[in-house]
Amino acid sequence: MASLIYRQLLTNSYTVNLSDEIQEIGSAKSKNVTINPGPFAQTGYAPVNWGAGETNDSTTVEPLLDGPYRPTTFNPPTSYWVLLAPTVEGVVIQGTNNIDRWLATILIEPNVQTTNRIYNLFGQQVTLSVENTSQTQWKFIDVSKTTPTGSYTQHGPLFSTPKLYAVMKFSGRIYTYNGTTPNATTGYYSTTNYDTVNMTLFCDFYIIPRNQEEKCTEYINHGLPPIQNTRNVVPVSLSAREVVHTRAQVNEDIVVSKTSLWKEMQYNRDITIRFKFDRTIIKAGGLGYKWSEISFKPITYQYTYTRDGEQITAHTTCSVNGVNNFSYNGGSLPTDFAISRYEVIKENSFVYIDYWDDSQAFRNMVYVRSLAANLNTVTCTGGSYTFALPLGNYPVMTGGTVSLHPAGVTLSTQFTDFVSLNSLRFRFRLTVGEPSFSITRTRVSRLYGLPAANPNNQREYYEISGRFSLISLVPSNDDYQTPIMNSVTVRQDLERQLGELRDEFNSLSQQIAMSQLIDLALLPLDMFSMFSGIKSTIDAAKSMATNVMKRFKRSNLASSVSTLTDAMSDAASSVSRSSSIRSIGSSVSAWTEVSTSITDISTTVDTVSTQTATIAKRLRLKEIATQTDGMNFDDISAAVLKTKIDKSVQITPNTLPDIVTEASEKFIPNRTYRVINNDEVFEAGMDGKFFAYRVDTFDEIPFDVQKFADLVTDSPVISAIIDLKTLKNLKDNYGISKQQAFDLLRSDPKVLREFINQNNPIIRNRIENLIMQCRL
């Protein structure tokens, strides 16, 4: 079914970038969050769209499934599984330590009676007696000997449906799999000098780290992910894993690659960051005993320092994220001391420092990759601030300490009145320490964090030392400077392109042939077949699929699935604590939010409408999770999307992610879903409308919301492709049998195609109406 594309996007939406992390930490892990990046910094989007983009921090993420690679001979690293994916029978892998272990693995096809076969093992022709009694599964057998002239013995067979095998060197042993899928387990062979065992592989293979052994076992038992089984995934040489290590000194410029017009330069720099905080203190009106606000605000600091004998002019912009709002109220009288709000940064807060200097590294910082930094930690201690009251002793806010720890670096753009500067944004996480802060002559004491009252403590600046490294694409001519393309321009261009593309997509609805659409809706579209209409290379297609998944991850559909997963988890835990059958039935109905309150249902229409509307929000997700043979709204939506992508002349890899995500959210907004119970049909729409009727007469019957909630939990949910109004019209004008009615209620694609091929105007009008709802 074409809706496979949406399920594939939901299961493969794994990409996370630094801005997602910053927004999540800043909003989800604190309360009363104030985000004030200041007038000089803007990092809403990446500065440009070029190449692989920047590396957000210095953390290396090891891939879960690395490959596929072509057959080769090499010494696999210890503690890594080598996952083998042979396609034909014969020798799959062989390896030896040339002392006391010669080990090979042979693959035998299904249904092989006992026979003698000749295999080439370690350069010798060897005759072995083999068999495979399984009618459906392939058989892997290990053959080994302990002396050069010894005979081979057979060990540890693995009967496999996915036809996958794995080997790992670890802790003086060689580990393999044995048993029968889907219940295969690991076994091992002891050997000396195991780390020097060279292995020759005769099939494509993958590399999986040992800490992901559970995932490796899942692949052995159930097969590789669907995305690995397309013709677009091709194996590459193992040399692709090699990394060219360049010895680099600090404060050095290295030419990584060069052509006639462009060159890649690696800049390594020592760096001295000086910064300070700024604050705003606003006194409230009245008699002078109350303050309305004490808050942080961004500030730019310019300074000079010496780097390798060269004087560097730099400036920094310091801002904070995720502040905590405190208050103090000494009483209700006008002469009682009070502070409506004062900000404090602590463990859930972040400090951002945007840094720029006049060195060569920042002159062409437009196209950047491999960005990394190492910085020291700095401790910031607050000073004292005296609240001058008209009469009485003055309260004093004093103390407070936080330590800034480096937590990542990315590109940013700083704007001034005269110039736009591409700079580096350093992100710091915070920890609190002694001394705590307090307000004298009040009960506020022993609080931790750094308040905004006097964060600099009479210091001119705080200082951090460290280094950074980046690779920048610059003109080969050092006298030419790359024009700055800041993110605002890039985003405005993208919005304009999206606007034009939406108009084109909506106009293409008139050009879709209905019979072809039904055929396309029945195809199992994957990501590569969906996007094949765009002119691009295979590499660009892979990158494009990743970009689509990254954008789709933030869609309403993906968010709903995530929320539903959490709800089901909560329901499962409540089931484990339930003591009655009734409570279990109520809790396990995770598709509804009314299940826990179903016992006190009111008979009013308003209450039933509210409950069915709540259930209807989950029906699309239930249908996606339990795929049926019938056609659904997402099949039509995906087919229309594919057709429009193929017909479009304006779609590009840049605009595709937004278009796919919008289509999943906006195509066919007026949806109705149904569940069938014998001769009774229950329907609920996204707009809260609900009704029940009999199949043979289409006469309405009372709507039992309790029964509907139970059916939604236990029965398949079906898209009402042909709605009740259309069915009644069809019965009144053409007459349909009970079986035809059942087929149309189940959205049987064969029956739909028959009506369309017969040019039935009622069915064609309904499908055309659905196509016209596929608008952006």
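Placement of Cβ uses the backbone N, Cα and C atoms for every residue, glycine included.
Keep in mind it's a predicted model, so treat the numbers as computed, not measured.
As recorded in Swiss-Prot, the features of this protein are as follows:
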- 65-224: region 'Spike head' (REGION)
- Arg101: site 'Binding to sialic acid' (SITE)
- Ser190: site 'Binding to sialic acid' (SITE)
- Cys203-Cys216: disulfide bond (DISULFID)
- 248-479: region 'Spike body and stalk (antigen domain)' (REGION)
- Cys318-Cys380: disulfide bond (DISULFID)
- 389-409: region 'Hydrophobic' (REGION)
- 484-518: coiled coil (COILED)
- 510-776: region 'Spike foot' (REGION)
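Looking just at the region 'Spike foot' (510-776), the mean pLDDT is 69. Checked against Cys203 (disulfide bond), the recorded positions Arg101, Ser190, Cys380 differ in C-alpha distance, with Arg101 being the nearest. The two recorded residues Cys318 (disulfide bond) and Arg101 (site 'Binding to sialic acid') have their Cα atoms spaced 63 Å from each other.
DSSP gives Cys216 (disulfide bond) a helix state. In the three-state DSSP classification, Cys203 (disulfide bond) falls within coil. According to DSSP, the region 'Hydrophobic' (389-409) comprises 0 helix, 13 strand, 8 coil.
Taking only the Cα positions, the spacing between Arg101 (site 'Binding to sialic acid') and Ser190 (site 'Binding to sialic acid') is 9 angstrom. For the disulfide-bonded residues listed here (Cys203, Cys216), the lowest count of other CB atoms within 10 A around the CB belongs to Cys203. On the backbone, the CA of Cys216 (disulfide bond) and the CA of Cys380 (disulfide bond) stand 47 Å apart. Across the structure, Cys380 (disulfide bond) and Ser190 (site 'Binding to sialic acid') place their CA atoms 56 angstrom apart. In the shown protein chains, 20 other C-beta atoms lie within 10 A of the C-beta of Arg101 (site 'Binding to sialic acid'). Of the disulfide-bonded residues Cys318, Cys380, Cys318 has the largest number of other Cβ atoms within 10 Å of its own Cβ.
Taken residue by residue with DSSP, Ser190 (site 'Binding to sialic acid') is part of a strand. Under the three-state DSSP scheme, Arg101 (site 'Binding to sialic acid') falls in the coil class. Proximity of Ser190 (site 'Binding to sialic acid') to non-local residues of its own chain (separation of 6 or more, Cβ distance below 8 Å) is seen for Gly172, Arg173, given in sequence order.
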